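Taken from TrEMBL as is:
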| type | residues | note |
| --- | --- | --- |
| ACT_SITE | B:Thr193 | active site, nucleophile |
| BINDING | B:Thr156, B:Lys182, B:Thr193, B:Glu279, B:Asn407, B:Ser412 | substrate binding site |
There are 2 protein chains.
Amino acid sequence: MPVNYATPAPEQLHAVAGVRLGIAEAGIRKPGRRDLTVIALDPGCRVAGVFTQNRFCAAPVQLCRRHLEIGGEMRALVINTGVANAGTGEPGIQAAWQTCTAVARLLGIEERQVLPFSTGVILEPLPVERLVAGLPACVADLSADRWHAAAHAIMTTDTVAKAASRRVEIAGKTVTITGISKGAGMIKPNMATMLGFIATDAGIAQPLLRRLVREAADESFNCITVDGDTSTNDSFVLIASGQSGAEFDSADTPGYAQLRAAVIGVAVELAQAIIRDGEGATKFISVVVENGREREECRRVGYAIGHSPLVKTAFFASDPNLGRILAAIGYAGIDDLDVAGIRVWLEAGADKVLVAENGGRASSYVEEDGARVMQQAEIIVRVDLGRGAAQARVYTCDFSYDYVKINADYRS
Amino acid sequence: MPVNYATPAPEQLHAVAGVRLGIAEAGIRKPGRRDLTVIALDPGCRVAGVFTQNRFCAAPVQLCRRHLEIGGEMRALVINTGVANAGTGEPGIQAAWQTCTAVARLLGIEERQVLPFSTGVILEPLPVERLVAGLPACVADLSADRWHAAAHAIMTTDTVAKAASRRVEIAGKTVTITGISKGAGMIKPNMATMLGFIATDAGIAQPLLRRLVREAADESFNCITVDGDTSTNDSFVLIASGQSGAEFDSADTPGYAQLRAAVIGVAVELAQAIIRDGEGATKFISVVVENGREREECRRVGYAIGHSPLVKTAFFASDPNLGRILAAIGYAGIDDLDVAGIRVWLEAGADKVLVAENGGRASSYVEEDGARVMQQAEIIVRVDLGRGAAQARVYTCDFSYDYVKINADYRS
């Protein structure tokens with residue numbers, strides 16, 4: 001059960017002109033489930049992406065990077081679940097390439113115009129014959145209103161499909177932004193999440209699009225952690241079809257700030273949905289670190305808290321074991337940190353409790369206050385480092401029996 | 001239930017001439033349990049220690065550092081469990097100081113000759129009155145053969161007391177080395193473990209002793225992780241009484257290599273005991289990383305594997321989900337790592353299975369082989385980075401339901 005998240009209804013996910021999606025059951029790992037998606041892009045679409053920094057990056061990630069570096073127009077994305085095609089060596093590259101070839105043939109485009117994505121079990125060969133055999137059904141299914149189905153077809157251990165959509169009026173034009181994501185475990189993205197796809201019918205110049213995909217990742221998928229494990233397949237792709245007629249050539253184009261905010265808003269919604277559906281999650285925790293010298297040190301403190309199994313099990317137990325939070329701040333690796341200047345609050349909605357100051361427990365703190373906040377499903381841990389003006393946010397979930405159960409059972 | 005570890009019998013823990021221990025029930029956090037230990041040192045003992053790098057380091061750690069910096073002869077250690085006296089600000093320093101004063105008065109020594117240690121819950125005030133009231137009973141109990149009792153009196157969530165002892169003949173003299181340790185969670189020491197104390201009746205010059213305590217920590221307590229949380233109270237102390245008559249002035253003194261190996265051996269045994277008794281542990285896992293460019297990168301790979309909740313839950317499930325190990329190697333932060341040169345084995349005793357090479361699953365690998373090794377209680381993960389001659393070891397345990405249970409329930 002995700003924490004305060006439900007998949008939007010199909011009609012809430014607005015079609016993006018120029019982008020069609022088709023899904024199929026290809027039996028890639030298990031029969032009888034939707035596991036293959038093709039996203040077909042009209043001519044004129046621009047695409048930019050960010051990918052995992054894991055050195056064991058998957059074969060499809062390697063091909064995506066290569067195709068985007070070559071440049072030229074991207075015309076299709078193909079996504080399978082079940083098998084990640086990671087840790088598969090040269091045969092894995094061949095399998096990803098065969099996938100691109102098959103998609104290109106069906107759509108009458110070139111191999112290098114296809115971006116492949118895989119998610120699922122690592123170190124197992126991709127059953128490329130079954131995948132290729134499923135592609136015609138995907139292509140037959142192509143339609144602009146299949147975002148809801150596609151959100152389902154890219155799931156692995158996710159318990160809910162994740163999607164977000166909004167429409168904004170910019171300079172007299174209606175711009176649509178719709179996206180989907182997947183991921184629940186092996187989540188500590190580094191440049192992107194497991195898989196995230198956002199499309200807009202705004203037109204965005206390629207250099208600006210490349211910048212925007214990074215900025216959006218930094219505010220969303222690069223701020224989340226379930227278990228601190230960076231996946232081999234993390235990919236986040238932003239597509240701009242231009243078919244709304246709203247065109248953005250540079251960051252100075254009127255209305256761009258509005259578009260940027262809307263794209264980042266969708267990315268944050270999709271990233272948070274991954275945490276709300278984090279394996280075994282019963283709580284959604286925002287760690288807000290303020291007044292650091294620079295963003296990077298704020299992020300380190302945020303991740304130290306967000307990764308700590310001790311902090312996360314305390315949240316699971318609704319136990320205000322605040323010493324664990326202070327210990328995590330202390331080992332975040334900021335060598336010259338003066339703990340006497342730090343203040344820490346626990347917050348839930350309007351309920352704000354100062355828990356630590358002057359290197360220890362706040363004199364006003366009473367355990368009932370901490371316990372009351374800890375019982376909520378949405379909690380903010382606010383840390384004031386008291387030494388600068390930078391800030392960062394990290395989103396995480398608690399650590400429950402079910403995390404262990406899910407990960408001890410996965411594959412079996 | 002610890003993994004293949006049982007506390008040595010009292011008679012197996014050899015007394016160290018010049019070192020006496022006394023314990024008491026002071027009711028520091030809960031009544032009816034041994035929670036206070038005094039270790040009294042004869043004149044002429046030398047002492048060196050290493051302490052946590054956590055910025056929220058506990059008040060007693062701050063005092064220990066101060067007293068060791070002042071120098072002079074240390075004459076006593078005082079250790080309480082129940083309350084860590086960490087995150088307690090200035091009142092915490094006062095409480096630790098009062099503890100030293102009380103010990104000094106009872107033993108007729110000076111405050112700065114006393115080293116205080118605390119372990120237990122963070123952020124709660126130390127009940128120093130109850131502690132001080134318990135000290136006379138400790139002093140009355142002082143005896144050279146109380147190592148076994150002291151090992152019990154320093155436990156917190158430990159399920160077994162941890163101790164090791166050995167005697168070695170060096171240059172015609174019998175040298176004794178005996179130590180105790182505690183710790184089961186919040187274990188990812190950075191310069192030392194939760195608490196570790198080793199005493200020898202060898203005489204070791206102060207600069208050499210300072211070097212040896214660091215070397216021993218680096219080979220033992222700095223190689224272990226239960227949950228990646230670096231404690232606020234980690235301390236490891238080495239005491240040399242000199243009463244055996246064996247004297248070591250420099251690393252070139254004949255027999256020093258033998259003494260060094262024996263001290264490190266005891267430290268490794270104590271550090272491994274902490275992992276064998278790791279919270280919820282059902283398996284003891286040694287990650288051996290070989291042929292790296294330098295020790296630091298080997299350690300990073302070892303810790304990436306040893307910290308990964310996904311790897312650790314797979315070990316709990318005896319599931320050879322090897323992709324998780326490769327993913328961890330991939331995100332260890334070695335930017336120029338060529339995954340094609342890496343080989344990975346799973347080993348248990350003489351059973352060695354090559355699982356990965358050439359960037360993917362080894363062609364000889366079959367799942368039954370991996371599953372057979374994963375079912376053992378003692379497993380080695382051997383990683384050959386294939387790019388140098390350095391190596392490192394990290395000891396860890398698996399991640400089970402009981403880890404969550406223990407840490408969700410602790411304090412309650």
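Using N, Cα and C of the backbone, Cβ positions are placed for all residues, glycine too.
Owing to the predicted nature of the structure, the values given are computational and were not obtained by experimental measurement.
Candidate binding-site residues B:Thr156, B:Lys182, B:Glu279, B:Asn407 yield B:Asn407 as lying near chain A, with Cβ-Cβ distance under 8 angstroms. In sequence order, B:Thr157, B:Ala184, B:Gly185, B:Val226, B:Asp227, B:Asp402, B:Tyr403, B:Ile406, B:Asn407 are the residues near B:Glu279 (substrate binding site), counting only same-chain partners six or more apart with C-beta under 8 A. For B:Lys182 (substrate binding site), the count of additional Cβ atoms within 10 Å of its Cβ stands at 27 [all protein chains shown]. Ranking the binding-site residues B:Thr156, B:Asn407 by the number of CB atoms within 10 A of their own CB puts B:Asn407 at the top. Look at B:Lys182 (substrate binding site): DSSP puts it in a strand. DSSP classifies B:Thr156 (substrate binding site) as coil under the three-state reduction.
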